[in-house]
Amino acid sequence: MSREISTSTATALSEDERLEQLKSKKEPWFSKLPFMSELRMSVGWQRGMLVTGLVITALFVLVAIFAPVLAPYGFAQVKTSDGQTFPTQAAPSAKHPWGTTVGGFDVLSRTIWGTRTAVIAIIVAVVLSIFVGVLLGLVSGYFGGWIDRVLVVIADALYSFPSLLLAILMAIVISGGQSSLWGGIFASGISITVVYVPQYFRTIRAEVMRIKESAYIESARVVGASTWRIMSNHLLKNSTRTLPVILTLNCSEAVSTLAGLGFLGFGIEPTAAAEWGYDLNRAVADVTAGIWWTAIFPGLAIVLIVLGITLVGESLNDLADPRLRARKSAAEVIGSIEDTSVDPNKADDVAVQIEGKPMKTDDAMDTETGVVDKPTVNGSSDEPEQYSDAQRQGDE
Amino acid sequence: MSGETVGQVDAKAPSEAKKSKKNRLSGGFFRFVLTRFLLIIPTVFILVTVVFFVMRATGDPISAAQGGRLSPDELQRRIHAAGYDRPLIVQYGDYLLKLLHGDLGTTLTDNQPVSSILIHYGAATFELAVLALVVALVVGITLGRLAAKHRDRPSDAAIRIFAILCYATPVFFLGLVLKLVFSSSMGVLPSSGRSSLESEMQFGRLISPTGFYIIDAFQLGDMRVLGDVLVHAILPAVALGLLTAGVFIRVVRTNVISTYSSGYIEAARSRGVPEKRLLSKHAWRPALIPIITVMGMQIATMLAGTVLTETTFEWKGLGFMLSQYLKARDFVAVQGIVILIAVIVAVVNFIVDVVCALIDPRVRY
């Protein structure tokens, strides 16, 4: 803990006013952004994991948005604008930095455009499965009865089934195998949805079952709230606690499933959109011939995007579970022993930090643990320090 | 040390111990096994139903497989002969009846009974899955425990990153990379297939081949054949195994950490039980249950993984055949393979539940 702490005057205030001040400390606007509270909670390499994951994910989203600007050629382009045909299976060169495929596509361009396909597929899959899964979970958990039993049995049966096979079945139904950009994306999206609905369903149902017995649901019912209102206002908002973790993990699985479908030839036609799984499928023969660039780049793209999303999901999971949360070491939390010991001569320039919150200290301090009993004010001679936010960040 | 404690506990409450032992062997446990076994039936039934109607939603299998190749009249005739023009519900009943007799239909592309395909190629898939499971368990348990031991230190972080990488890499991409490194560029391992041509010919001499090449190689008693088979299996098993190892590392680490920080471990430590023993006995046993559960669930994922792995390595098993039949749009064969996998998954889940109940009496309900 730093000793150069700005000393400001908080002495003339009564206890109540000081408490008031503590409470009314304004949260900066960015703390309302998603992941901010988790970022603040995390420490050490756990924070590193979360930040890395967020950065990688953001990068892919940016690439997806700016694909037309970033990619040197179109995803289905096999000729330059002046009519010159691309070479096939050409090694990386100045013209084609990542080489070309057996079909004469530019690998770099297809990898970049593939980001867009993957991101759209994730969004479609996750939005659909949340919508359907949450709705079914709410209905099933709230109403119970035979509807609940039937849904649970079906969800359990689907849940235990290998997801890729289920996705294959759905892809056959929806698109008969191949399709256009949107047809293909929706086919993959819906296939993935069918796989993940049971997960959302189970989580939401369990939460709803737990919550629906609570007093506030009963009182809502007593004052005449409609079933719909209870479900949307009371149950839905309180049962989504665990969703972010499942959501991020499912995003990464959606990418793998999409690629798996593409690899088996159930993805999107190469002329309709770029899709990494399809490119890898075509690269199998190349690999045996020692051509590495057609396989490595799309593959690495899959690994990186899944890695990024999984890092975010894992960190969220760890942070949500206190047993797994990395703890600030004792030294970081309470400072050195000299800092916390009570020296009657200079008891007034000690600041103690508990769980990241600055506390103004006075004489009422437990010397062993460094825990402040009560922030009392003892007259006018003290000049307790106030930690500014910036300093606190620095300390952590 | 711990033996002493167990003795003490037993001495203190002999009646209780006796009761629980009796419970384990009598009514409670068997009723649990029976109920759990009967639960397989609705699960399989639902999956068969879903698969049947989903596959039929696209139309009849014959037009899917033969589509443009036959004249409309010929197509109609064959659809009628196969009974695909009857009402769907009649076909469904018919299918269920045949299924009960083990008849899964005949493939459209090569006119073989589906059941014989399952038997012929099932062994290859099973062999691959077992080898991959061995890789996954060895890597997963070793690294998972190591990570738990060095919790929050750099080695823990490194292992976790490795686990996430395993999980993030699609099995077919890992397969391609392994092929590039070990077969195309270094040339030390074969890139595809289950064995070399000479070994295949050797297997042809066997009177009763099991289909499990490792067992068959032992039958032949030829060490060169065995070596050849094992060398071919390394890359596919590693590719598929690492996919699952990532999950195992995570589960082992999490569960060992959570049991490791519980009160009875602290108590054992204060009694002077060495740290090594704490980790390998006290914290390990209770952590096993979630690990076994996850292992069971991973077998489902692994079966799906065999489809991709076998396609990558041209390992002629069920997964490889599934992707071939998918390409040929032979939906009768696809349906049969998918249903078989569903049954396997249901049975594996049953076994996992029983094993968990054996380890922990609290699981029985």
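For all residues, glycine too, the Cβ spot is worked out from N, Cα and C.
Within the chain carrying the transmembrane segment (A:49-71), a Cβ under 8 angstroms from the stretch's Cβ atoms is held by residues 35, 38-39, 42, 108-109, 112-113, 115-116, 118-120, 304-305, 307-316, 319, all 6 or more beyond its ends. If you look up TrEMBL, you'll see A:49-71 (among others) marked as transmembrane segment.
Here TrEMBL flags A:115-313 as domain 'ABC transmembrane type-1'.
If one looks beyond the transmembrane segment (A:118-143) by at least 6 residues along the same chain, the residues whose Cβ comes under 8 Å of a Cβ in the stretch are 60-61, 64, 151-152, 185-186, 188-190, 192-193, 196-209, 212, 227, 230-231, 235-236, 239-240, 243, 247, 250-251, 254-255, 258, 275-276, 301-302, 305. Residues or ranges marked as transmembrane segment in TrEMBL: A:118-143 (among others).
Annotated transmembrane segment per TrEMBL: A:150-174 (among others), in sequence order.
The transmembrane segment annotation in TrEMBL covers A:180-201 (among others).
Marked as transmembrane segment by TrEMBL: A:245-268 (among others).
Annotation source TrEMBL lists transmembrane segment at A:291-313 (among others). Sequence-distant contacts of the transmembrane segment (A:291-313) (same chain, at least 6 residues past either end, Cβ-Cβ under 8 Å): 35, 49-50, 52-57, 59-60, 89, 91-92, 98-99, 101-102, 107-108, 110-111, 114-115, 118, 245, 247-249, 251-252, 255-256, 259, 276-277, 279-280, 282-284.
The region 'Disordered' annotation in TrEMBL covers A:354-396.
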